[in-house]
Ligand SMILES: O=P([O-])([O-])O[C@@H]1[C@H](O)[C@H](O)[C@@H](O)[C@H](O)[C@H]1O
Ligand SMILES: [Mg+2]
Ligand SMILES: [Mg+2]
């Protein structure tokens, strides 16, 4: 039987590759930086250009599809996931890395229908690694199948996490307290690639056992979630419940045992959800 979404997935791979070329060129010539919610929440013209490139090209081919894009939401678009086919785009995951030429930067494209992930593309464009997954069809890197690590012992694991862009002291204290608990289990190592999508692809590749973060956004994790689950991994909320992509909290792990070990050590908190409507402005 032919795959209903094959065309769309082929387009996602092609446009992610083209976007990656744009990112690589910009890395050489143009990394002028602007800020969004705070002085450490960075955006560049390249983030905006890449998002426009992806949305325009998809719109031409699939005019009825919808979008959730990081830079469109920053510009005031809503962040609602409906049953309509929806492309969830992070044009540059790892903007801070991009600005500093720290060599991990990804273009992330998730595709959801009836709120279910159908396919995913994460292009780690400086490593030239194209991660893909199709629901029920497995996960791949440059065409090679991916499989999570089979490690069951958290003490023999590497855990990835990030510090995000929240510098609120209470949140930072909780982030450090969780990190301290996990380091002292002890685990064999803690790593940060500087991009949520690549951290999750490292889980899918079996290089790290798990990744967790509080403060991510839906566009950071929408694609890589399918790549992790199709590589045999699990997704969990930091409190141990089912993951909710709009909640800005995630554990992506090789198996439930490792994920549940992390749940015990993480001091959870709840950032403002991605699907919270912006405050109403009254024009009297
Ligand atoms: O802003 P951006 O570079 O697309 O995405 C960020 C990166 O994935 C970072 O590693 C993570 O810690 C943040 O939570 C994300 O928002
Ligand atoms: Mg991101
Ligand atoms: Mg981004």
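The backbone N, Cα and C atoms fix where each Cβ goes, and this holds for glycine too.
Annotations in TrEMBL come from automatic prediction, not curation.
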Which one of 220, 237, 239, 244 goes with 90, 93 at the Mg(2+) 2 site, as TrEMBL has it? 220
Would you mind ranking the binding-site residues 70, 90, 93 by how many other Cβ atoms sit within 10 Å of each Cβ and giving me the lowest? 70
Here the Cα-Cα span from residue 220 (Mg(2+) 2 binding site) to residue 70 (Mg(2+) 1 binding site), rounded to a whole number of angstrom, reaches 9
For the recorded Mg(2+) 2 site, whose residues are 90, 93, 220, find every other residue on that chain with a C-beta no more than 8 angstroms from the centre of their C-beta atoms, and list them by sequence position. 70, 92, 94, 106, 108, 195, 196, 197, 216, 217, 219, 221
Counting across all protein chains, other CB atoms within 10 angstroms of the CB of residue 220 (Mg(2+) 2 binding site) number 29
Hey, how far is residue 93 (Mg(2+) 2 binding site) from residue 70 (Mg(2+) 1 binding site), Cα to Cα, in Å? 10
Cβ neighbours of residue 92 (Mg(2+) 1 binding site) where a neighbour is any other Cβ within 10 Å: 31
